[in-house]
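After the structure tokens below, expect a handful of questions from me.
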Amino acid sequence: MTTSSNDVRAPASDLSDDTGDRAWKAWLKPSIIGVALISVMYIAVLQYQDIMGWKYGLDSTSAEFDKYWMTLFWSQIIILPVAAVAIWAFLWFTRDRDLSNLDPKEEVVRYLRLLGLILLYTFCIYWAASYFAEQDGSWHQTVVRDTSITPSHIAIFYLSFPVYIIAGVSAFLYAMTRLPKFANGISIPFALAVTGPFMILPNVGLNEWGHAFWIMEEWFTAPLHWGFVVFGWSALALFGLASQIGLGIIDALKRAYGDAEDFRIPGPTDDMLEYSHEM
């Protein structure tokens, strides 16, 4: 009796393999915990603005403004850079120094963790570009500013922007220090997706300089504001990054479980996808 090569199939993953569970948890931890913490923090900030903005945020020369708003401003100026340096230093000094011998199964787990970090990054951008950006426009269309450091600016420019920058650079550093494909070269989509939104922060300086000369609160489409939109568009590079990550996961799975058509990793399943395992 002969056996053709078509009858020989690479074995599916061993039931004792916990890669699926580890990968699933690696994605969930930064996603759920990070999203929850960011949501709680920003909801608290919005409540603080709602209460303290009208009471103590209208006159920048008052003692109350200095107490309730400038204290918050200086706290952010100190805490966020320190947090950024601490997180980035941790990612760098704990980097994998032997990526050439990385287990493909561990590589899959790291890809899923990276996806969780990217989800957190985009969620931070969502808060900054949706809630705080729209709030900033409505605030300055209602209240005549007497300073560049207004209650809405303290939240958007000096909190939400630095937070998403920290998240984006952290995800970028994680990929470069934990995954071979990103360590061997610079991912252009990833670089664009991080540096573009980052450049919105320096654009704030130009924006505030312009507002010192021109009243443009009612006209967001003014050239002075174009930088916010153009740099924001760079986040579209995340679609290219998603393709790179998807191909990386497929490659790691093939190296871990072979080229069999039925390779799969234990973990959460979807009945709608079971047809792919039926031969």
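Cβ atoms are placed via backbone N, Cα and C, with glycine included.
Per TrEMBL, the features are:
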type	residues	note
TRANSMEM	31-48	transmembrane segment
TRANSMEM	68-93	transmembrane segment
TRANSMEM	114-133	transmembrane segment
TRANSMEM	153-175	transmembrane segment
TRANSMEM	182-204	transmembrane segment
TRANSMEM	224-247	transmembrane segment
Rank 68-93, 114-133, 153-175, 182-204, 224-247 by Cβ pairs under 8 Å to the transmembrane segment (31-48) and hand me the top one.
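By Cβ pairs under 8 Å, 114-133 leads among 68-93, 114-133, 153-175, 182-204, 224-247.
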Should anything in the same chain at least six residues away from the transmembrane segment (182-204) have a Cβ under 8 Å from its Cβ atoms, list it; otherwise answer none.
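Same-chain contacts beyond the flanks: 99, 125, 157, 161-162, 164-165, 168-169, 171-172, 175-176, 227-228, 231-235, 237-241, 243-244.
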